Amino acid sequence: MARKSPRSKSLNAKHQATGNTPPQRSSAGSESSAAEKDERASLIVTLRTSTSNQKLIQSFMATPTRTLPPRAAKRKNYDDVFAAFHAYKRPRKDESESPPKVQPFVQYDRGRSDQHTSFDQHEIDWDDTSSLSSVPDDLSLDGEADDGPSLQYRPFDEPITEASIEQNLQQQTASPQLTEDRSPTSFKAVSPVPTPVFECHIPEKVYLSGNPTPPASVASTAETVPDEADDLKSLAEQLLAPRNPIKPEPSGQPEVWADTRMELCETLYYYRSYHGGCYATGGFARAFMFANSSHSRDYMDGSVIIARAGGGMKRDDSGQMKMSKDQTEGATVSSVRNNMRQYNPVVIITADNNPQAQIQPPHPYCVLDYFKVTNVWWEKSEGKKILRLRFEKLNSKKTSWWQPKDTAEIAKPGTLDPPIVQVCPKCNRDSQQTYLQGWMCLQPDCENFWRFSSPASNDLRDPEEGILMYDPRFLKQHTPWPNDDSNLPLGSLNAELTGNSILGEDCSRAHWSGVVCPDCGRCNSRLDWTGWKCRNPQCSFEKTPPHALIPSSSLHDPFNPLSTSYMYSRDLHSPLVDMSVSFADNYRINRFTIPGVNGFITHMIANKTVVEEPEGPDAMFELLQENDIGLARRSMGHDHFTRHYVVNYGMPYKFIAATASSPFTESAAPITLARSRLNWAAQYLLSKEDTSKSLSMIRDEWKPKEFNEVLALGYLEDQKISYHDDGETGLGPTIATLSLGATGTMRIRMKARHFNGVSKAGVYDSEAPLPGCAEYDKRLQLQQELRDLEASDRKAYTQRLKAIPRELGLKSGGNAKDAITMTLSHGDIVVMHGAELQKFYEHSVDHTGKLRFALTCRYIDPESLSENDKPSYEVMPDEGDYDGTRLPMPGA
Ligand SMILES: O=C(O)CCC(=O)C(=O)O
C-alpha cells in the first residue's frame, strides 16, 4: 500500500492573487558527466532507502547545487523535485546489483473489481474501458456546421500553454483590442477599456543540463504512482472516486433545461445539433452535449470536464461502438481550436444519462454553463489514437449548480501547483503530464508518443490504460483567458422580442424559435401559431407576440410586376416532362405531364385581376393574419412536431400527423372562400381536359365528389413541407392548393424507391420501370425475363431479384433529381390530378419570405375513415359559387 503522508504544502498552496498558474516546464533529462551521474546515482539510492518521502525530498533538496541543474536547484517545492527526480535516469550502482525495487503501484480502484456500476440501461464495467465507448459520435459535428473562415490554425499537436496563448496574441497584432508588452516572460492584453485585464507569465523551457535535445535514454518515468506522490494520489483518488449509481441531488437548479431534444435545439441558438454531441457553426464550436456516450477516462466535476472529441467510431460485430481506426482532426477540432485562439467559450449541456455527472440531472437536458476549451491533446485508447478535450468553467465566481448538494468542490482550478510540462527527448516538443503514472509525449507523430520510459532501462512501455489516474495538477490547472469570469446569457431572448421594427419581423426565424421560460427555465418550442406556452405543468407562462399585419400590397415583386395581362412563367422541368402552356381567364396555365404516369399537374399563375378581386387572394391573405384559425404544429410522435403550422377543416384528414379537424361552419372566411375557388378551378381544368363535355356536365359529375376538406398550412420564415405525397387511400384523385403570401417553390420528383428500383433490403423492385428512373433501358429489357421467371420458377425469381441490383449497379440510397420546379406566387393555384402521380412522385414546398399560407383541398371518401376518425359534425356542401370566368378579361 502506498503510504499516506500529510498533504504537502504545495498541494494546498494558493497561487498568485490572479490565480494564474502557468505550467512549469521541467526537464526530460540530459547528458550529465559520468561524475555527476555517479554522484546522483548514489544520492538517489540513498534517497530511496530513506524511510520517509519528506526526508527524501529534504535530502534531495539539500544536495549541493552543483549536482542539480541550475533551475531545479532554485526550485524549493515538492513538485519540482518530484519532476526532476523522475526526469533523471536512475542508474544501478553496478550491473550486478538488482534494479532498485520499485514500489508496486496499488491499482486505482475505480469501482472495485466486483462492482459494476449501472447508469440507466447503460451497464458500465469500470475495468472494461470498451464498454464505455458504446455510443456513437457523441461529439461528432452536426450537419449545420461548416469549415468556417480560413484561419491559421495552431499546429494540431501543439498543446495550449501560456506560451502558445502569447503566440496567438502576437499573431493578432492587427487586432485593435490587443497591445503587447513584449517582455520575454509576460504579456498584457489590453481591452479598449483602460484597465489591463489579462496577464500571464511565460515560463521558459527547462532542461536538466541545458541541452535542448536530451537523449531518449535519460528521460525516465514509471508506470506506477511513486511513493513521493502519495498526496497527489490521494487527491486524485478523491477527484476520480467512482460515481455512485444512486447519484446525489445537485446543489442548485439549472438556469436552462429542456424535456426534449427538439425543444432544446429549437430554443438554444448555441445548440442546434439534433444528432451529434457538438454544435459547431461558422468555424466555431458553440456547445457540447454530454450524454451516455462516454470514454472511460472522461471526467466531470464542478469546474472541469474532460472528454473525448467524438467521431470515428463504428459498431463492431458484437454491436458495440468501437474506434475502428485512428481518429483524425476533423471540423469539430478545427472549430475548437478557433474557439481557443479567439477566446470563444462553449456552452456545456448534460443529458440525464451522462455517466460522468456527479449528480442526477433534474431534467432530460440541463445546461451547465459556459466553459473555456483549454487543452486539445492526443492519447491512445485500445491501440487507436484519440483526441481529448479539457474544458474549464469560464466564470469561476458563479456557483456550479451541478455540484453535489452539501459538498464543496475538492479543489478549484488554480489551487494546486501547475501541471508538469516536459520536453520530449525524441521530438523536442513539450507536453503536459496528464497522468500521475508519469509523463508521456503527447505528440501523435512522435516515436515516443503515449509511452512511458522505464525507470530502470531505456525501454519505452505502453501505459496500462485501465490504471491511469489523472494528475490533479493537470486536472485542476487554471488556464487564464482575458475574458475570464464573464457572465454570458444562457437563455434565449426571444420572449423579449417585440418584432415590429421591420415588417414581417415577428414571423422571422427567431420568433418561431423556442423560448427559455423566464419563470422556470424550460426550453419551449413555439407550437402554436399565436405564440409560446410553457409546457411545464407547474408553470403558466404564455406569450403572444403582437403581429404587425403584412399588407398584401407589400407582396408585389418589383422584378416580376403584377399586371392585368398574363403573367410571366418561372417554372422549370426536366426534358423528360411534357409541358403545354395556355392563357385563359386571367391565368397563365402551365400543364405538365410525366411519361409513364397517368395524370397531370397544372400551375395556374394568377394575374393582378385575380389577386386583387374582392374576397380574392389579397383579402384572404390579410384575413388569415387577422383571425386565429387554430394553426399549430402537429405531433409526429416521439416528441417531434411538424416544422410548419397546420389546421384541418371539413372531413378529417390523417396527414402525417393526426390533425384536429373543425367543421366549415366554424371556419374563418378564407377557408370557405378557398374551397369554393378550388372547386371551381378543378372543374374548370377538367372541362379543358375533356372538351367533349360542357362545363355544366363536368359540374354535375364533380358535385358528389367535390372537395370536402381544406387543410390550411402556415409557414413562417424558413418553414417548409418536405417531400411527401398525398396518395392516402380514400383521397383524391384531384388535389388543389391555393398559395397566399410569400413566393414558394414546389418541387416534384420521382420517389427514391421507383427511381432506384431497389428496396431498403437491397431487393430489386420488379414493377415496370418509369421513364427517367436509374438504368431505365436495362430495367425495361429485364421485364419480360422476370415475368417469365416469376411464372415458371418462384425460387429462381426471388434469387434473381436479389442479384439484379448488383448486376445493374443499383443502390437503394439516393434521390431522383427534381422533375418539375414551380415558382408559386401569391394567388397561384396548383392542381394535381391522378392517383399514379401520388404513387410514383412526391412533392415539397419551401419559401424564402416571412409568411406564406397554403390552402389545400381534397376529396376524402368518408367511407375510408375508421369509425373513430369520422367527424362528429356534418360536412356541409360547398355553398360558394366562385367562378373565375366572371372576371374582366385581360386587356379588357
Ligand atoms: O405549401 C404548399 O403549397 C403545398 C402543400 C402540400 O403539399 C400539401 O398540403 O400536401
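Cβ from N, Cα, C; glycine included.
Copied over from TrEMBL:
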type: REGION; residues: 1-48; note: region 'Disordered'
type: COMPBIAS; residues: 8-25; note: compositional bias 'Polar residues'
type: REGION; residues: 57-76; note: region 'Disordered'
type: COMPBIAS; residues: 57-66; note: compositional bias 'Polar residues'
type: REGION; residues: 89-155; note: region 'Disordered'
type: COMPBIAS; residues: 109-124; note: compositional bias 'Basic and acidic residues'
type: COMPBIAS; residues: 129-138; note: compositional bias 'Low complexity'
type: REGION; residues: 169-190; note: region 'Disordered'
type: COMPBIAS; residues: 169-188; note: compositional bias 'Polar residues'
type: DOMAIN; residues: 690-850; note: domain 'Alpha-ketoglutarate-dependent dioxygenase AlkB-like'
type: BINDING; residues: Tyr715, His724, His843; note: 2-oxoglutarate binding site
type: REGION; residues: 865-892; note: region 'Disordered'
Residues of the same chain, at least six outside the region 'Disordered' (865-892), with any C-beta under 8 angstroms of its C-beta?
564-566, 583, 585-587, 607, 609-610, 613, 650-652, 654, 661, 663-665, 672-673, 675-677, 679-681, 684, 706-709, 730
Counting every protein chain present, what is the number of Cβ atoms, excluding its own, within 10 Å of the Cβ of His724 (2-oxoglutarate binding site)?
13
State the three-class DSSP label for His843 (2-oxoglutarate binding site), counting H, G and I as helix, E and B as strand, and everything else as coil.
strand
Which residue counts does DSSP give the region 'Disordered' (865-892) for helix, strand and coil?
6 helix, 0 strand, 22 coil
Could you check what DSSP calls Tyr715 (2-oxoglutarate binding site) once collapsed to helix, strand or coil?
strand
